[in-house]
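J.: Following this message is one structure expressed as structure tokens.
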Amino acid sequence: MLGLTEAEKIKICLQKQVNSSFSLHNGFGGNLYATEEKRMFELVKPKAGASVLNQSTWIGFGDSRTDQSNSAFPRSADVSAKTADKFRSLSGGSLMLSMFGPPGKVDYLYQGCGKHKVFYEGVNWSPHAAIDCYRKNWTDIKLNFQKSIYELASQSHCMSLVNALDKTIPLQVTKGVAKNCNNSFLKNPALYTQEVKPLEQICGEENLAFFTLPTQFGTYECKLHLVASCYFIYDSKEVYNKRGCGNYFQVIYDSSGKVVGGLDNRVSPYTGNSGDTPTMQCDMLQLKPGRYSVRSSPRFLLMPERSYCFDMKEKGPVTAVQSIWGKGRESDTAVDQACSSTPGCMLIQKQKPYIGEADDHHGDQEMRELLSGLDYEARCISQSGWVNETSPFTEEYLLPPKFGRCPLAAKEESIPKIPDGLLIPTSGTDTTVTKPKSRIFGIDDLIIGLLFVAIVEAGIGGYLLGSRKESGGGVTKESAEKGFEKIGNDIQILRSSTNIAIEKLNDRISHDEQAIRDLTLEIENARSEALLGELGIIRALLVGNISIGLQESLWELASEITNRAGDLAVEVSPGCWIIDNNICDQSCQNFIFKFNETAPVPTIPPLDTKIDLQSDPFYWGSSLGLAITAAISLAALVISGIAICRTK
């Protein structure tokens with residue numbers, strides 16, 4: 001280049017832009033000044049009602065409110081046609097009606113498979129049904145039945161009613177009926193009677209019968225059966241046998257002779273009440289497949305003839321929907337109580353009375369809204385509702401049970417903020433960039449760019465190092481290594497400290513349910529605090545990587561200017577050039593520094609800064625993926641801030 005006199009020199013630099021409107025963001029290996037900032041995540045609010053994690057892996061069991069074959073459908077339904085198609089339903093039916101088979105009631109073969117099971121049935125066996133059969137009020141039996149169904153369903157992929165058990169009954173008995181059972185009797189248990197003419201101490205023969213619980217029913221595998229062990233309860237021996245010969249007993253034995261259910265008044269006392277009519281009690285037994293025997297005192301034999309079978313192959317969520325009548329009909333709370341006392345069961349309850357559209361009892365708008373989420377897939381389902389947003393934080397603690405990628409409770413002000421808008425890098429403390437060191441721009445250097453930060457979902461993938469595109473731009477692996485090493489170490493420290501705290505909390509577990517709930521809440525809070533800490537580390541790493549990337553991008557821009565200038569300009573310091581005003585006039589300067597004011601600055605490839613936080617099942621309780629992608633684009637606007645400074 002020709003020598004230049006002082007009078008001919010013009011110094012062109014990148015103008016300083018930082019002022020009081022900028023905020024400083026510190027990061028690993030580099031800092032940023034920014035005109036704006038935003039939280040890494042916003043708080044989400046759960047939607048009330050039911051939803052599912054996967055549309056292809058759930059099944060429902062219902063009645064007329066989910067029955068597409070009902071003549072009043074869809075006005076009679078509380079779900080959409082799409083959701084009704086997922087239900088196994090029949091108007092007038094219920095799982096308990098099919099289990100016991102009272103005379104004159106709907107008897108439907110409930111069966112199906114799904115990881116998540118939704119139960120919206122039960123109202124058809126309620127006080128309004130007025131089922132007697134030696135029992136004026138069946139609510140406590142219904143409660144135990146529904147609870148057992150929910151418990152076993154939560155551990156099984158498939159379930160089915162077994163409506164005909166193989167059995168062997170004694171020759172001396174015949175099918176019996178009862179006046180208070182519509183002159184008939186239940187299909188399960190079946191009543192068998194023995195005609196006897198009692199003499200002193202002689203009351204007929206003891207009944208001995210057998211039934212077999214199958215290992216398979218049709219295509220359904222049976223690892224465990226729910227069996228109703230029913231027996232009569234007498235207030236006194238005299239009520240059972242007025243001549244005083246013998247005591248009542250009805251006992252079920254397994255193949256080894258062990259008692260598994262029933263009542264034996266030979267060893268257990270009578271109630272001592274003053275009633276003259278027995279009542280029937282039914283206990284819910286969970287029995288493995290096999291051959292069982294039933295022994296009963298003369299006169300009466302109650303024989304198990306049905307069961308529900310479960311394959312016990314897969315644990316999954318259970319949702320129970322409150323099943324009540326509209327005005328004028330008496331309901332019970334058995335479904336509510338059963339679900340609330342069963343681990344893993346989410347209860348959906350109305351806040352208002354049931355008001356139907358098709359009639360008083362079918363097509364309630366509030367219930368339709370609560371069940372509308374069954375049309376969608378959620379990221380998280382819980383007792384508090386369902387969430388489909390990707391944010392890991394919610395304002396309120398989500399009540400258990402909960403499944404999926406559930407957000408943790410956090411205060412908005414505790415969520416870290418990341419820089420946004422106009423960004424200017426500082427040189428920071430990074431020493432791994434080697435292009436060359438004099439090229440690293442400090443706080444006195446300008447860059448005007450647009451930063452687009454998108455928070456996207458990612459699967460479990462461990463920690464991914466930032467990568468540099470072959471064509472230039474982005475973060476070098478070397479410049480990110482120290483930051484990633486630090487984030488890895490800090491996260492391990494956080495997790496170790498949290499796990500130690502959780503172990504201490506475990507020592508405080510007692511059998512008191514409230515203490516366990518309190519413990520669960522404390523663990524959730526510990527998880528939230530740890531995640532916020534990890535996000536703080538991620539934010540610092542992100543800021544550092546963006547800062548380094550911007551510095552590199554600025555260096556590439558400076559290199560482009562130097563290359564265009566050739567011998568017409570001398571770079572005297574990072575971002576500053578001296579030219580001869582007589583040799584390079586305004587149009588020449590426009591060509592070098594403003595690219596003729598026509599061609600944009602070549603777009604810098606996106607800054608690839610991805611981080612996947614791998615979830616630890618013990619630590620998080622569900623799979624949680626975070627990915628932060630930062631992209632930087634420089635346009636012709638970059639050059640518009642260049643100022644010309646004359647030096648003599």
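Just so you know, glycine gets a Cβ as well, placed from its N, Cα and C.
Copied straight from Swiss-Prot:
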- Cys203-Cys245: disulfide bond (DISULFID)
- Cys222-Cys309: disulfide bond (DISULFID)
- Cys230-Cys282: disulfide bond (DISULFID)
- 8-33: region 'Fusion domain-1' (REGION)
- 34-151: region 'Esterase domain-1' (REGION)
- 151-303: region 'N-acetyl-9-O-acetylneuraminic acid binding' (REGION)
- 303-357: region 'Esterase domain-2' (REGION)
- 358-643: region 'Fusion domain-2' (REGION)
- 1-7: signal peptide (SIGNAL)
- 8-623: topological domain 'Extracellular' (TOPO_DOM)
- 645-648: topological domain 'Cytoplasmic' (TOPO_DOM)
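Set these features in their place in the structure for me.
T.: Around the Cβ of Cys309 (disulfide bond), a 10 Å sphere holds 28 further Cβ atoms from the protein chains shown. DSSP assigns Cys309 (disulfide bond) to a strand segment in the three-state reduction.
Cβ neighbour count for Cys282 (disulfide bond): 25 (other Cβ atoms within 10 Å of its Cβ, all protein chains included).
Taking DSSP states H, G and I as helix and E and B as strand, the region 'Esterase domain-2' (303-357) has 7 helix, 15 strand, 33 coil.
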J.: I'd like the per-state residue tally for the region 'Esterase domain-1' (34-151) from DSSP, helix first, then strand, then coil.
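T.: Reading the DSSP string over the region 'Esterase domain-1' (34-151) gives 32 helix, 25 strand, 61 coil.
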J.: Return the residues near Cys222 (disulfide bond) by Cβ distance under 8 Å, restricted to its own chain and a separation of at least 6 in sequence.
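T.: Within the chain, Cys222 (disulfide bond) has Cβ neighbours under 8 Å at Ser160, Val162, Leu213, Pro214, Thr215, Gln216, Pro289, Cys309, Phe310, Asp311.
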J.: In three-state terms from DSSP, label Cys282 (disulfide bond) for me.
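T.: It is in a strand.
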J.: Do any residues at least six apart in sequence from Cys230 (disulfide bond), in the same chain, have a Cβ closer than 8 Å to its Cβ, and if so which, in order?
T.: Pro189, Gln250, Met280, Gln281, Cys282, Asp283, Leu302, Pro304
J.: Mean pLDDT for the topological domain 'Extracellular' (8-623), rounded to an integer?
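T.: Value for the topological domain 'Extracellular' (8-623), mean pLDDT as a whole number: 80.
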J.: Does DSSP put Cys230 (disulfide bond) in a helix, in a strand, or in coil?
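T.: Note: Cys230 (disulfide bond) is in a strand by DSSP.
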